[in-house]
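Working notes for the structure below.
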Amino acid sequence: MDWQGQKLAEQLMQILLLIAAVVAFVVGYATESFRTMMLIYAGGVVLTTLITIPNWPCFNRHPLKWLDPSEAEKYPKPEVVAVSSKKKSSKK
């Protein structure tokens, strides 16, 4: 899954869970049944899971282009800069 596919999957997850929550609340309120509300929401969670977790082709529309190892050796590696810690000054 590419970066834009991850973003799409997260947006779909949020939208589907919100819709499931609203529908479950309305139906649960109308039928005055907490059990019905929880079952509808659980169904929404399962549906959301089946839509967003598998690596569907729609989540792979923008694949990353990696460098070949021989090409990557031509470029210098980033240097690691040591971070100096500041000492606290003691007040007298």
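Placed from the backbone N, Cα and C atoms, the Cβ positions cover glycine too.
Residues 37-38, 40-41, 43-45, 47-48, 51-52 of the same chain sit 6 or more residues outside the transmembrane segment (12-31) yet have a Cβ under 8 Å from a Cβ within it. Summarising the annotation, TrEMBL assigns transmembrane segment to 12-31 (among others).
Residues or ranges marked as transmembrane segment in TrEMBL: 37-56 (among others). A Cβ distance under 8 Å defines the sequence-distant neighbours of the transmembrane segment (37-56), meaning residues of its chain 6+ beyond its ends; these are 1, 9-10, 12-13, 16-17, 19-21, 23-25, 27-29.
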